[in-house]
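One structure is given here, and the rest of the page talks about it.
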Amino acid sequence: MTLTLLGDVFLGTFLTLIADKVGRRKVLMAGSFLMVLSGAIFAFFENFWILLLAAVLGVISVTGGDFGPFRSIEESVLSQLTTPSTRSDVLAWYVTTSTLGSSIGSEASGRIVHFLQSRDGWTAVDAYHALFWVYTAMGLVNALLMLLLTEACELHGSSSTTETTYSQVPQDEQQQDTEREREHQHRTTRLDVDDVDAQGGHQQQNLISKIKYWFTTRFTEISAPTRSIMYKLWFLLSVDSLADGMVPYSLTNYYMDIKFHPAKSTLGDVQSVSYLLGSIAAVFAGPLARKIGLINTMVFTHVPSSAAVLIFPFPPRFWLTAALLFVRAGLNNMDQAPRAAFIAAVVKSEERTAVMGITGMLRTLSSMAGPSVTGILAANHRFWIAFVAAGVFRLAYDFGLYAMFVNMKLYQHEEPDGKLDHHHQRHRNRDEEEELELHSLAGSDSSSSSSTILGDDDAAEPRATRESFANTSLEVNTAPERLRSRSPRRSTAAD
């Protein structure tokens with residue numbers, strides 16, 4: 001599992017860093033084919049190393065959650081296609097459908113395996129092989145759906161959310177900042193190249209040096225203002241992910257099992273209800289974010305969930321412990337959509353995919369250390385300390401998030417809803433000027449024809465008069481429909 005997680009981290013980061021350059025649809029399509037390939041390998045082979053390679057290349061989630069490079073790309077696409085006022089709602093439904101799909105998949109896979117094992121001649125291995133054929137078929141369906149995506153999903157394919165400048169920074173100052181940033185990136189890149197050349201030349205550690213150089217250059221392409229914001233957010237998210245890794249739902253169920261010894265069916269029902277509550281509650285994250293703001297939604301819904309984790313080991317009754325699990329699971333997903341919307345609101349559109357990919361990588365790395373810490377505590381009969389520590393870490397994340405970001409100005413890289421950005425406003429003005437010029441030329445042609453019929457004196461009409469005639473023609477052509485149509489009664493009277 002650790003090797004698979006490490007493979008997912010590095011491969012996922014690589015895919016998110018190249019997605020905007022290679023093409024988001026191409027990367028998502030490649031992910032679909034990797035899903036098909038890995039599913040077929042799991043259905044055919046049983047060798048451990050072959051299955052490990054398939055799990056790494058197929059970016060299979062060992063935790064069962066919908067995390068990885070493709071989620072980061074999908075969130076970046078949705079952030080681009082939506083406006084600030086609708087983004088949190090769309091992302092909330094994205095989280096809801098994702099969580100609901102995972103819940104249905106977990107339930108269906110268990111029932112399929114149980115049904116196949118009950119048939120004569122079917123072993124557990126045969127049942128799981130059949131299940132991976134279903135996984136392969138879902139990859140093919142996913143690939144077909146990717147063919148329906150349009151150019152608007154790409155970085156420069158949408159006109160609704162094109163960010164060109166800081167809305168509160170003058171153009172000349174922004175150009176100077178851009179030049180300074182490029183200069184800094186060039187100096188950083190040259191230093192990295194010099195380091196590569198100094199360490200054993202081109203022959204020794206060539207592959208490692210190239211990989212280091214590539215990741216460094218991709219990271220320096222993220223602007224300094226974005227990095228200054230994300231450094232703080234990445235640290236807080238790492239703390240929160242460490243807490244989640246210490247008490248994942250699998251270890252939580254195990255703790256409830258060894259403490260209360262409930263029936264397995266009862267424990268399964270509690271887990272199913274908790275997943276269902278999480279799916280339902282995620283729907284309300286969007287409207288709540290519009291009402292009280294992104295950061296407030298993230299903090300105010302996450303604090304009760306964190307408190308439920310903190311006091312989870314103390315109730316002496318099973319139903320009280322289950323109630324705390326419902327509170328935790330029901331509110332735990334409500335910060336996901338506002339978090340993605342917040343990241344989209346504070347970074348540039350061309351940086352969203354990379355930033356979201358790095359965010360997912362850091363969260364995965366942080367959560368990897370959690371089970372080891374809990375395992376050490378459980379081995380020393382201190383399992384309950386893991387929940388207390390995780391609750392403290394989660395609350396520290398909540399209060400730190402509120403203190404650092406509650407007053408931050410959002411949407412500085414994009415225009416408010418209903419307004420055109422600078423690029424499209426310039427094109428609109430140019431179209432209006434061309435239209436006026438065409439009307440003026442039409443008026444000039446009409447004046448020339450009249451001068452040929454009426455004589456030279458009329459041909460010497462002043463330029464101002466011809467321009468006035470052109471403007472009058474334009475006004476007549478653009479008059480409301482009610483001036484161009486007369487009622488039947490008035491028309492009859494005129495006749």
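In case you wondered, yes, glycine gets a Cβ from its N, Cα and C as well.
Confidence over the domain 'Major facilitator superfamily (MFS) profile' (1-415), given as mean pLDDT on the 0 to 100 scale, stands at 82. Sequence annotations record features per position, and here TrEMBL assigns domain 'Major facilitator superfamily (MFS) profile' to 1-415.
Taken from TrEMBL, the feature transmembrane segment applies to 27-45 (among others).
Annotation source TrEMBL lists transmembrane segment at 51-70 (among others).
What TrEMBL lists as transmembrane segment is 91-110 (among others).
Among the features that TrEMBL reports, transmembrane segment is placed at 130-149 (among others). Within its own chain, the transmembrane segment (130-149) has Cβ neighbours under 8 Å at 25, 28-29, 32-33, 35-36, 39-40, 42-43, 109, 112-113, 116, counting only residues six or more beyond its boundaries.
Look at TrEMBL and you will find 160-191 (among others) tagged as region 'Disordered'.
TrEMBL lists 160-170 with the feature compositional bias 'Polar residues'.
What TrEMBL records for 177-191 is compositional bias 'Basic and acidic residues'.
Among the features that TrEMBL reports, transmembrane segment is placed at 294-312 (among others). Sequence-distant contacts of the transmembrane segment (294-312) (same chain, at least 6 residues past either end, Cβ-Cβ under 8 Å): 88, 243, 247, 252, 285, 288, 321, 324-325, 327-328, 330-332, 334-335, 338-339, 341-342, 345, 387-388, 390-392, 394-395, 397-399, 401-402, 405-406, 408, 410.
Annotation source TrEMBL lists transmembrane segment at 383-405 (among others). Beyond the ends of the transmembrane segment (383-405), by six or more residues, the same chain brings 232-233, 236-237, 239-240, 242-244, 246-247, 251, 255, 258, 295-296, 298-299, 302-303, 305-313, 342, 370, 373-374, 377 to within a C-beta distance below 8 angstroms of the stretch.
According to TrEMBL, the feature region 'Disordered' maps to 417-495 (among others).
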